[in-house]
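Below: one structure, written as structure tokens.
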Amino acid sequence: MSTAGKVIKCKAAVLWEVKKPFSIEDVEVAPPKAYEVRIKMVAVGICRTDDHVVSGNLVSPLPAILGHEAAGIVESVGEGVTTVKPGDKVIPLFTPQCGKCRVCKSPEGNYCVKNDLSNPRGTLQDGTRRFTCRGKPIHHFVGTSTFSQYTVVDENAVAKIDAASPLEKVCLIGCGFSTGYGSAVNVAKVTPGSVCAVFGLGGVGLSAVMGCKAAGAARIIAVDINKDKFAKAKELGATECINPQDYKKPIQEVLKEMTDGGVDFSFEVIGRLDTMMASLLCCHEACGTSVIVGVPPDSQNLSINPMLLLTGRTWKGAVYGGFKSREGIPKLVADFMAKKFSLDALITHVLPFEKINEGFDLLRSGKSIRTVLTF
């Protein structure tokens, strides 16, 4: 029996308040409105950004259904939708590509004005919500809300992908892999023979290591306080791994000594102000580029000496690895299908969706790189 045009009742993980576990609830998911798509989720990755909301470091309206790194199958479409149809395999996009705004029309940048990242409303683009639980409307998260068996997204925030794609793997391209890999190849534009440093060896950081290797970096120095992640980093391309806790001097000084004055490219993939500064300071003062990849804590600021930039450093950042989402994500999936890279090393745990809290515990304890939840 077709569910198109009807309210769907299903299971979802609702975050009712910060610093509390997710609650598996029965929710109602309304049909898609015009230019919207309802998706049956198949697999979803657990990303540190979701945990930033749980901890309160990233403010987003609650109660909400979080989740943004996922893959699924189109269940139904709203009026006017032309780019996907029921049955298509898709990846929801936490940064849309409307194709009409100044950013989308420019060859540079990908931060479409339709995003719900800067000042999150917790709604779809028309300002309304599609989830109800216990008689209450539930907020969306960055326009995706993939911790649910069904979700509704705007058409400009969904990417159709190869019909043969293994969704339990390519879901990582929905955030972690694309963000890290793209930070190296698109944002920093790592050059052959260069020296790179990557701070943070979670799923995004390791993807940045993979991007540096793909771009031809000669040295890739991986930095983390969890030595258990070093073997995986070397497997994926790191040439050296260092633990800041092994040194008495600041890690940026260690890196400068190791690299004749500083690295060519550095990446902060943690989301801490102190490591953002260390990442900036470790790149060469005359020609280094430092990229902010990790999501910073809410309402916190960095203060720097402008001389650090006047000498020639470049300090930049980007979401989604600089990919224009609707164009870039399907191409990455195609590259994966062509075996240009593997995602297997990033997926350390696969759990049923109902064990979402266990998956977050693995993340917080440093025991996992990426946990994929299956529906």
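Heads up, the Cβ atoms here are built off N, Cα and C, so glycines get one too.
Listed in Swiss-Prot for this protein:
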{"type": "MOD_RES", "residues": "Ser2", "note": "N-acetylserine"}
{"type": "MOD_RES", "residues": "Ser23", "note": "phosphoserine"}
{"type": "MOD_RES", "residues": "Tyr35", "note": "phosphotyrosine"}
{"type": "BINDING", "residues": "Cys47, His68, Cys175", "note": "Zn(2+) 1 binding site"}
{"type": "BINDING", "residues": "Cys98, Cys101, Cys104, Cys112", "note": "Zn(2+) 2 binding site"}
{"type": "BINDING", "residues": "Gly200, Leu201, Gly202, Gly203, Val204, Gly205, Asp224, Lys229, Val293, Gly294, Val295, Arg370", "note": "NAD(+) binding site"}
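Here the Cα atom of Asp224 (NAD(+) binding site) is found 18 Å from that of Cys47 (Zn(2+) 1 binding site).
For Cys175 (Zn(2+) 1 binding site), the nearest of the binding-site residues Cys101, Cys104, Val295 in terms of C-alpha separation is Val295. The two recorded residues, Gly200 (NAD(+) binding site) and Cys47 (Zn(2+) 1 binding site), show a Cα separation of 14 Å. Candidate binding-site residues: Cys101, Cys104, Val204, Val293, Val295. Fewest other C-beta atoms within 10 angstroms, Cys101.
Contacts of Gly202 (NAD(+) binding site) defined by a Cβ separation under 8 A and a same-chain sequence distance of 6+ are given as Arg48, Gly176, Lys229, Val269, Ile369, in order along the sequence. Using the Cβ center of Cys47, His68, Cys175 for Zn(2+) 1, the list of other same-chain residues with Cβ within 8 Å runs, in sequence order, Gly45, Thr49, Asp50, Gly67, Glu69, Ala70, Phe94, Thr144, Gly174, Gly176, Thr179. Residue density at Cys47 (Zn(2+) 1 binding site): 26 other Cβ atoms are found within 10 A of its Cβ, drawing on all protein chains shown. Within 8 Å of the centroid defined by the CB atoms of Cys98, Cys101, Cys104, Cys112, the record's Zn(2+) 2 site, lie the Cβ atoms of Pro96, Gln97, Gly99, Lys100, Arg102, Val103, Lys105, Val113, Lys114, Asn156, excluding the listed residues themselves. Under the three-state DSSP scheme, Cys112 (Zn(2+) 2 binding site) falls in the coil class.
By neighbour count, meaning other C-beta atoms within 10 Å, the densest spot among the binding-site residues Cys98, Cys112, Cys175 is Cys175.
The residue listed as 'phosphotyrosine' sits 17 Å from Cys112 (Zn(2+) 2 binding site), taking the Cα positions as reference. Tyr35 (phosphotyrosine): 18 other CB atoms within 10 A of its CB, across all protein chains.
Comparing local CB density within 10 A for the recorded positions Ser2, Asp224, the maximum falls on Asp224.
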